[in-house]
Structures are given as C-alpha cells and as structure tokens.
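*Asks:* I have a structure here, written as structure tokens, and I will follow up with some questions on it.
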Amino acid sequence: MNPQIRNPMERMYRDTFYDNFENEPILYGRSYTWLCYEVKIKRGRSNLLWDTGVFRGPVLPKRQSNHRQEVYFRFENHAEMCFLSWFCGNRLPANRRFQITWFVSWNPCLPCVVKVTKFLAEHPNVTLTISAARLYYYRDRDWRWVLLRLHKAGARVKIMDYEDFAYCWENFVCNEGQPFMPWYKFDDNYASLHRTLKEILRNPMEAMYPHIFYFHFKNLLKACGRNESWLCFTMEVTKHHSAVFRKRGVFRNQVDPETHCHAERCFLSWFCDDILSPNTNYEVTWYTSWSPCPECAGEVAEFLARHSNVNLTIFTARLCYFWDTDYQEGLCSLSQEGASVKIMGYKDFVSCWKNFVYSDDEPFKPWKGLQTNFRLLKRRLREILQ
C-alpha cells in the first residue's frame with residue numbers, strides 16, 4: 001500500500017474542511033471521503049488520548065485511464081481502509097481497551113462496512129463511534145442497510161452536530177485562530193439528517209454478532225466498559241391463551257444527543273407506534289444486558305399501568321448499580337406494576353444465543369463464573385424486591 005496514503009495527515013486546510021464537511025443532505029461533486037480520527041486508551045474510568053489524525057480517500061472505486069489514478073482509487077485506498085491498515089499496523093496490545101471516534105464527511109460504503117464489521121468482531125477490545133457530516137445515498141435501500149449493518153456490528157453511528165463540527169475545526173483544521181462559522185441552513189440540515197438516521201435505526205435488528213453477545217451479556221458483578229444496553233425481545237399476540245402472532249428482535253442504545261435513547265425507550269417507541277392496539281393482548285419478554293435505569297424503569301412502569309393488556313417479563317444479565325436506592329426503587333416500581341423481573345440463568349443465555357445471535361450453528365460457550373454470578377445476582381434481586 002502507498003505509504004503516503006497509509007500514514008495520516010495532522011490537519012486539513014480551512015477551505016478543504018468547509019467544502020467537504022458541508023452537511024447539505026443532497027450534495028454533488030464531493031468524490032472524496034475525509035476521515036478525522038481520535039484514538040483513546042481506556043484506563044480505569046479515564047480515557048487517555050493516544051493519537052489523532054486525518055485520512056482522505058475516494059468515495060467509491062472508479063476506473064481511470066491513467067494507471068496512477070487507477071491505483072489510487074482502489075478500494076484499499078478508501079479513508080476507512082487507510083485507517084484500519086494504519087491502526088492494525090501499530091501492533092497494539094490486545095489487553096488494552098481502545099475508544100475510536102471517526103468524524104467523516106460521508107458515511108462508509110458497503111465494502112468498507114464489511115471490513116469494519118470484521119475488524120470489530122476480531123477486536124472486542126475496541127469501540128467505534130462514527131459521526132457523519134452527511135449520509136451517502138440514504139434514500140437507497142442498500143445504503144440504508146449499510147447503516148443498519150454498522151449499528152448491528154456494535155459501532156455507534158450519529159450525525160455530526162455543532163459541537164462535533166467545532167471540535168473538528170479546533171483539532172483537525174489549520175484554522176489560524178479563527179472560530180468555526182456554521183453555514184446557511186446548518187441547523188436545518190442537521191435536523192433533517194438526524195431525523196433520517198433516527199428513522200433508519202428505529203426498527204429492531206434481527207440478531208447480533210457473537211462477540212457482541214459475549215461481551216455485553218456476560219453476567220459479571222462488576223462489568224467495566226459496558227456503557228450501553230442491549231435488549232432482545234419476543235412479542236406474542238394472544239387470544240384465548242394461545243399465541244396467534246409472534247415477533248422478535250434486538251434493540252440497543254441509540255446515540256442521540258437530545259434524548260440519549262436507551263434500549264427500553266427504543267422498544268417502547270417502536271411498540272407504541274407500530275404494534276400496540278387497545279383490543280389486543282400481548283405477552284412481551286425482554287432479555288437485557290443491564291437492568292433498566294431509574295428513568296427507563298419509571299417509563300416502563302407507567303406504560304404498564306396504562307396498558308393492562310400488556311404482560312411483561314424481564315430477564316436481565318446484570319443489575320445496574322444495584323446498591324443505589326434509586327435503581328432499587330426503579331426495579332420495585334416495575335414489579336409493583338406487574339412486570340416479572342428475573343436474572344438470566346444458563347438456559348436463558350442458551351435461548352438468547354439460539355434466537356438472537358448469528359451463531360452459525362455454533363453452541364453457546366458458558367464463561368467461568370456464570371452459575372456463581374447467577375446465584376449472587378438472583379439473591380441480590382430477591383433482597384431488592386422483597
């Protein structure tokens with residue numbers, strides 16, 4: 001690979017930033033992706049800055065009559081691929097946890113997403129947040145699927161807001177001491193793209209990848225670095241005590257600076273908008289990586305109080321801040337409104353693995369301490385609810 005492409009730049013010129021990061025939803029003539037990255041190493045509760053830089057690459061492979069241009073436009077020279085090649089080439093230790101943030105002018109293409117998905121699966125010690133200035137061909141079904149695949153792979157996908165642009169301007173642009181100046185319709189463009197991405201990601205996923213399940217559903221008593229919640233659900237429409245319709249899926253936190261939408265809220269929003277009918281009875285089961293926070297527990301309890309036709313059972317892998325009285329009261333409020341709250345045991349993990357994980361027919365492999373932690377968490381939950 002060309003070393004001039006593989007090695008990052010420190011900054012870009014002001015005109016380059018304004019021209020390539022303009023957040024107009026439909027924009028022509030920008031055939032390059034610019035990627036500003038920030039890599040941090042997690043150490044305890046602190047994130048230590050490790051490196052920053054800028055990559056540039058073509059949006060899509062193109063045929064060029066000039067051989068040198070043809071080489072440059074190859075897929076491996078996309079900005080995302082340049083970053084992965086550079087990052088993996090540093091031979092970083094597997095026992096370190098890395099937090100990567102990309103600020104990109106365009107969201108990644110499908111071939112890049114395939115590589116990013118594989119990279120995340122092979123590096124469970126890495127988390128990736130992608131803040132995009134624009135969405136590439138977002139009206140096309142295949143490109144919407146690209147965003148869903150990133151989301152499903154565990155990457156956090158969001159639209160760049162004012163704070164993101166100002167941060168990029170300060171850290172990745174030769175700004176000569178000048179402040180970032182938003183352009184005409186900046187806020188309107190952000191709102192439009194934000195709504196579009198939220199709509200794309202609002203529907204449940206079919207399943208998750210094995211490395212995500214093993215990382216996020218491991219029933220540790222102290223689970224550092226699990227900063228988001230995953231929720232697997234089954235929903236049955238019942239008539240005369242028999243199921244006549246079934247649906248299942250997976251939700252995860254949406255990275256939303258306005259609402260910080262937890263997985264429970266994602267489910268309620270989807271369920272109320274697309275499914276709920278007052279004359280139908282529902283049996284809903286959740287398998288969650290974390291028990292609900294006080295705010296989500298309160299919303300779910302209020303929902304159950306208003307909808308007596310919904311019966312909810314919650315199996316949780318871990319108890320979130322179980323020593324905190326607000327979290328304890330949240331669990332109690334769920335129980336008081338009729339929700340059955342339980343700790344996930346071995347059979348529940350196996351059931352999740354079979355129904356919500358792309359397992360390729362591989363069996364579930366229990367981790368050391370699963371049964372011991374289950375008993376401890378079960379006893380703790382019983383003490384909270386009694």
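Glycine too: its Cβ is placed from the backbone N, Cα and C atoms.
Predicted, not measured: the structure shown is a model, and the values here were computed from it.
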*Asks:* Given that Swiss-Prot annotates CYS109, CYS112 as binding Zn(2+) 1, state which candidate in HIS78, HIS123 belongs to that site as well.
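*Replies:* When Swiss-Prot describes the Zn(2+) 1 site, the candidate it includes is HIS78.
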*Asks:* Which of these, HIS262, HIS307, does Swiss-Prot say binds Zn(2+) 2 at the same site as CYS293, CYS296?
*Replies:* HIS262
*Asks:* I need the neighbours of the Zn(2+) 2 site defined by HIS262, CYS293, CYS296. Which other residues of that chain put their C-beta within 8 angstroms of the C-beta centroid, in sequence order?
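*Replies:* The answer, listed by sequence position, is SER229, ALA263, GLU264, ARG265, PRO292, PRO294, GLU295, ALA297, GLU299.
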*Asks:* What subset of the recorded positions HIS78, CYS109, CYS112, GLU264 lies within 10 angstroms of CYS296 (Zn(2+) 2 binding site), using C-alpha positions?
*Replies:* GLU264
*Asks:* Which residue, of the binding-site residues CYS112, CYS293, CYS296, has its CB surrounded by the fewest other CB atoms within 10 A?
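*Replies:* Across CYS112, CYS293, CYS296, these binding-site residues, the one with fewest Cβ atoms within 10 Å is CYS293.
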*Asks:* What are the helix, strand and coil residue counts for the domain 'CMP/dCMP-type deaminase 2' (187-334) according to DSSP?
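*Replies:* Taking the domain 'CMP/dCMP-type deaminase 2' (187-334) as a whole: 57 helix, 38 strand, 53 coil.
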